[in-house]
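> For reference, the structure I am asking about is given below.
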Amino acid sequence: MSTEEQNGVPLQRGSEFIADDVTSNKSNNTRRMLVKEYRKIGRGAFGTVVQAYLTQDKKNWLGPFAIKKVPAHTEYKSRELQILRIADHPNIVKLQYFFTHLSPQDNKVYQHLAMECLPETLQIEINRYVTNKLEMPLKHIRLYTYQIARGMLYLHGLGVCHRDIKPSNVLVDPETGVLKICDFGSAKKLEHNQPSISYICSRFYRAPELIIGCTQYTTQIDIWGLGCVMGEMLIGKAIFQGQEPLLQLREIAKLLGPPDKRFIFFSNPAYDGPLFSKPLFSGSSQQRFEKYFGHSGPDGIDLLMKILVYEPQQRLSPRRILAHQFFNELRNDDTFLPRGFTEPIKLPNLFDFNDFELQILGEFADKIKPTKVAE
């Protein structure tokens with residue numbers, strides 16, 4: 001059998017096994033199927049991801065799927081499966097099948113989540129522009145940021161917090177402009193007055209309240225992550241790169257100014273770390289945003305300044321983000337030019353809100369839809 005190296009890890013093409021309990025997420029029917037793994041496409045904190053195909057008869061193959069393998073009988077496995085089983089949204093990766101299998105390598109049982117497969121992550125797309133010393137087109141940044149916010153509108157409406165929003169946890173198809181949030185290994189349904197661990201979310205995208213140890217946080221930590229991802233698309237690198245958790249707060253203070261003592265107290269009264277109370281730059285925070293993100297235009301700067309805010313309750317909600325004027329170009333022009341194309345194509349459908357979304361949007365629906373759609 002031939003081998004291929006993906007992310008430095010060789011994997012035999014054609015490695016296969018029989019799974020006895022392959023359950024369809026759509027029909028709930030369970031059957032015995034052959035699983036043929038093709039190549040490794042990712043590795044996360046809670047498991048690995050391979051591209052694979054499924055078949056009952058070795059003639060009719062289903063896939064390709066992105067199959068995430070995580071140790072069975074863990075709290076994270078249980079949460080991720082529960083969330084993916086109910087999630088049904090164009091900007092959330094779709095679970096197609098799930099099953100368990102005893103690994104011959106370590107004799108442990110693994111949960112396998114077979115999800116739809118998209119060509120690459122947003123991190124890869126950002127890196128491609130950086131490698132070629134190019135800026136990602138502003139239309140693409142609008143398109144991707146909008147879809148992340150729309151996915152969050154749905155998730156947060158369910159009470160689910162992703163808790164690890166970053167470019168490598170967002171899938172994209174650059175040829176169609178479609179984006180889907182993936183990797184729900186850290187996701188959790190937040191309950192009012194129920195504490196959650198603060199050491200969550202990858203450091204560069206961690207909201208300030210998490211850095212100082214808040215355990216009563218809200219889904220607004222995802223909004224902070226969205227702002228970090230948007231900023232990274234604009235400048236080609238993570239905007240806050242602290243080399244350790246507390247230094248991450250210093251990096252944030254370089255852009256936003258020092259955190260308010262009230263914010264510190266209400267996030268975690270027991271916090272006794274550095275406050276970075278002295279200004280780390282001259283001029284205003286507005287000037288700092290303009291220096292770093294000026295090419296996003298006044299609307300882009302305005303949006304970022306309303307997302308990257310210390311106080312969680314002051315960050316824009318998903319519906320207010322979707323209604324922001326930064327996305328007016330998506331409402332006024334329904335085409336974009338994919339990388340490598342010579343002619344523009346239609347944008348993916350951005351305004352086909354279902355009843356659940358419309359209920360959350362309320363009066364904002366008419367502000368978000370293009371006039372011709374709203375009518």
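The backbone N, Cα and C atoms fix where each Cβ goes, glycine too.
Per Swiss-Prot, the features are:
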type	residues	note
ACT_SITE	D164	active site, proton acceptor
BINDING	I41, G42, R43, G44, A45, F46, G47, T48, V49, K68	ATP binding site
DOMAIN	35-327	domain 'Protein kinase'
MOD_RES	S2	N-acetylserine
MOD_RES	S198	phosphoserine
MOD_RES	Y199	phosphotyrosine
MOD_RES	S202	phosphoserine
> Can you give me the same-chain residues 6 or more apart in sequence from S202 (phosphoserine) with a CB-CB distance under 8 Å?
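Correct list: D164, K166.
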> Which one of these recorded positions, D164, S198, Y199, has the sparsest Cβ neighbourhood, judged by other Cβ atoms within 10 angstroms?
Y199
> Counting other Cβ atoms within 10 Å of each Cβ, which of the binding-site residues I41, R43, G47, V49 scores lowest?
R43
> Over the domain 'Protein kinase' (35-327), work out the mean pLDDT and round it to an integer.
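Looking only at the domain 'Protein kinase' (35-327), pLDDT averages out to 92.
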